[in-house]
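S.K.: Sharing a structure here in structure tokens format.
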Amino acid sequence: MRRWPVACAAAAGVLVVLPFLLPHPDVPDFAAILAPPSAAHPLGTDQLGRDVAARMVAGARLTLGLSVAAVLLTGLFGVAVGLLAGASKGPFGAVLVRTADLLAALPTVLFGLLAAVVLGPGVPALLVAVCAVGWTPFARQAHLLTVRETGREYVEGVVALGATRARVLAVHVSRNIAPPLVAHACLRFASTLLTVSGLSFLGLGVQPPTAEWGAMVAEGREYLFAAPHVVLVPSVAVVLTAAAATVLGRRLSGGGG
Amino acid sequence: MLLRRLLPLPLLLVVASVVAFALPRLVGGDTDSVVRAVLRARVASATPDPQVEAAVAAQFGLDGPVVGQYLRWLGAVLRGDLGLGYVTRTPVAAQLGDALAVSGLLAGCALLLAAATGIPAGVYAARRPGGLLDRVLSAVGIAGVSVPEFVLAPWLVLVAAVWLGVLPALGWGGPQHLVLPALTLAAYPAALAAQLVRAETIDVLARDHVRLARAKGLSEGRVLWRHAARLGCVSVTALSGMFVAGLLGGSVVVEVVFGIPGAGRLMYDAVLARDLPVVQAGTLVIVAVAVVAGIVVEVVALLADPVARDREAAR
């Protein structure tokens, strides 16, 4: 478990250093089109002769960056909503839970499609689509945890000591609901990553020629038989990242996996 | 209780209808600009007659206050009149009906496949938590939720259609066209169902009624399936409700990759072509399916769980 931060730091270091060692991700090399891995291009080249390794790294920064940004945005908003709903006595909590359930029942791709119609395909539409529903699982989880925590004796204790409700929430409850929420954020990161790259695969998110894992799979798909490595590299990147985040999230939440 | 849980669902439909109604207004601007654009296309006149403008606005249902426009539009939708698609100039209702039949078949097959593999896998894994089978299934499950459709589909095509040559890579028509898309769609729900059933079944196996069933001498298989798995599947029912809507609307990737003329693909093409009537109708239908699935799930979950059923009957 203690190795995870080290592994993450190592991966981040690789993403920072590699661009200096690899060719530019968007510059075509027409002498080497769909070339297999070689010394000059460690993971081969794609249909325009662009370096697949360089594009994978460039795509990592975009795919992971967008996913992290989306998880942070939705996480902060969702947790704030859930915390307030869990602490309030009124019907707000029940309304929130039902709203979250209703939104969660709709496929995310529907929001991706609608956002692409209104805003035009691109990164803004992608973020809107991911955030439109992404906050609901956080809100539900935070609501559930807050309701559970506020019923505990230590809360009763600090209230008896004269703590205000705001202080109870901001200092005591939030500190105790943080660990399960971090685990939840890891799982959300995995599914957000798949949504981000999935919508980009469909051409509704990151637009070519920008390197993004889903968009790379889409571009390389036509050459799957002739040059499987063009699709293999981003495929493996997506799957391994999602699987790693899933395993980490489950370990953190105390489950197996 | 049941009613109170069901009541918000139709509300979602109302919200969806407002969104669908507002969509062209969000995209195409206000009434005046639409009318002007139509007039420019029909009569090459720079300064249109106000009377003609009003007539065109009325023809497109764009006259009067917005609430009135919405109600008239809603009335037409409820009568099944979803307008003509911009691209094909054919009724949207007919396009969508055909596509839904295709998507429904595909989603049904995928859901059956997912249930037929995921539920037994979860129950068997629950028999010996931490055992070899459990660990193998757990690893497969993580792969199942981590491999997205857009990755799985191309590789299935490469292996089954190109290298082995046993199945068609794309198209629609025969049962052979169903195999790869259904497999792709089923992977995620199967993995999720297996994990859920495993957790629930482990939980149920520790309960008193299972002890009683064992004590009265029932075979282990009967205890596992009849008494434990049955309860373990309750939450899967809830999950499947989400998947029905997700599969029907969310099979976009699969339908695009495999060239299937389903609702997801129709919606996707409509988005790219900015065919707004189709997008409006598609949105409504996907939300409607989610709502109906939600209602069915609530009822089925009630019927499947004897305790909840008794509680409901006592009310």
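Glycine too: its Cβ is placed from the backbone N, Cα and C atoms.
When I checked TrEMBL for this same protein, it listed these features:
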type: DOMAIN; residues: B:100-297; note: domain 'ABC transmembrane type-1'
type: TRANSMEM; residues: B:99-124; note: transmembrane segment
type: TRANSMEM; residues: B:136-166; note: transmembrane segment
type: TRANSMEM; residues: B:178-197; note: transmembrane segment
type: TRANSMEM; residues: B:231-258; note: transmembrane segment
type: TRANSMEM; residues: B:278-304; note: transmembrane segment
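Just tell me what is around each of these and how deep it sits.
M.R.: Long-range contacts of the transmembrane segment (B:99-124) within the same chain: residues 133, 137, 140, 172, 178, 181-183, 185-187, 189-198, 200-201, 224-225, 228-229, 232-233, 236, 240, 243-244, 247-248, 251, 254-255, 260-266, 285, each at least 6 residues beyond the stretch ends and with a Cβ under 8 Å from a Cβ of the stretch.
Counting residues 6+ beyond its ends, the transmembrane segment (B:136-166) has Cβ neighbours under 8 Å at 121-122, 124-125, 179-181, 183-185, 187-188, 190-192, 194-195, 198, 253-254, 257-258 in the same chain.
Counting only same-chain residues 6+ beyond the ends of the transmembrane segment (B:178-197), those with a CB under 8 A from a CB of the stretch are 105-107, 109-111, 113-115, 117-119, 121-123, 125-126, 137-138, 140-145, 147, 149, 152-153, 156-157, 160-161, 167, 169, 229, 232-233, 235-236, 239-240, 243, 247, 251, 254-255, 257-258, 260.
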